[in-house]
Structures are given as C-alpha cells and as structure tokens.
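Student: Positions annotated as region 'Beta' by Swiss-Prot: 1-29. For Met1, the entry in Swiss-Prot reads N-acetylmethionine, with the evidence type similarity to another entry. Per Swiss-Prot, the feature divalent metal cation 1 binding site maps to Cys5, Cys7, Cys21, Cys24; the stated evidence is similarity to another entry. Residues or ranges marked as divalent metal cation 2 binding site in Swiss-Prot (evidence: similarity to another entry): Cys7, Cys13, Cys15, Cys26. Sequence annotations record features per position, and here Swiss-Prot assigns divalent metal cation 3 binding site to Cys15, Cys19, Cys24, Cys29. Swiss-Prot lists 30-61 with the feature region 'Alpha'. Taken from Swiss-Prot, the feature divalent metal cation 4 binding site covers Cys33, Cys34, Cys44, Cys48. Under the heading divalent metal cation 5 binding site, Swiss-Prot lists Cys34, Cys36, Cys37, Cys50. The feature divalent metal cation 6 binding site is assigned by Swiss-Prot to Cys37, Cys41, Cys44, Cys60, with similarity to another entry given as support. Summarising the annotation, Swiss-Prot assigns divalent metal cation 7 binding site to Cys50, Cys57, Cys59, Cys60. Marked as phosphoserine by Swiss-Prot on the basis of similarity to another entry: Ser58.
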Amino acid sequence: MDPNCSCPTGGSCTCAGSCKCKECRCTSCKKSCCSCCPGGCARCAQGCVCKGASDKCSCCA
C-alpha cells in the first residue's frame with residue numbers, strides 16, 4: 001500500500017489536488033504525484049518512480 005495514499009501499490013487512485021502518491025497511479029490530480037516531477041509533466045498521472053527529491057522521475061526524464 002502507498003504510504004501516502006489509501007490505494008494498493010501499483011493501483012490507481014483519484015486524489016485531490018494535494019496528491020502525494022508515490023507507489024500508486026493517480027488518475028485525477030493535475031499536479032505532479034512525485035516531488036521530483038515538474039508540475040507540467042502530462043505523463044505523471046500514468047505513474048512514475050521517484051528515487052529522491054533531487055532525482056528526475058522515470059516518466060519525465
């Protein structure tokens with residue numbers, strides 16, 4: 001389960017604008033789900049992997 005969300009790891013969720021999901025795929029938020037993703041990344045909602053705040057996430061590299 002995602003520590004920042006109520007959905008299972010790898011699952012899909014529909015979070016509010018303050019989405020902080022890291023282990024699941026948020027399908028509703030327009031903001032970055034990973035802290036290292038740029039806010040305008042259109043592919044973040046498809047799921048991304050973040051190794052650290054200063055790293056680039058896998059979907060927006």
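We count from 1, first residue shown onward.
Backbone N, Cα and C atoms are what each Cβ position is placed from, and that goes for glycine too.
Help me picture where these features are in the structure shown.
Tutor: For the region 'Beta' (1-29), the model gives a mean pLDDT of 67.
In the three-state DSSP scheme, Cys7 (divalent metal cation 1 binding site) is classed as coil.
Cys15 (divalent metal cation 2 binding site) carries neither a helix nor a strand DSSP state and counts as coil.
For Cys15 (divalent metal cation 2 binding site), the count of additional Cβ atoms within 10 Å of its Cβ stands at 20 [all protein chains shown].
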Student: Can you tell me the three-state DSSP label for Cys21 (divalent metal cation 1 binding site)?
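Tutor: Its secondary structure by DSSP: coil.
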Student: Compute the C-alpha separation of Cys5 (divalent metal cation 1 binding site) from Cys15 (divalent metal cation 2 binding site), stating it in Å without decimals.
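Tutor: About 8 Å separate the Cα atoms of these two residues.
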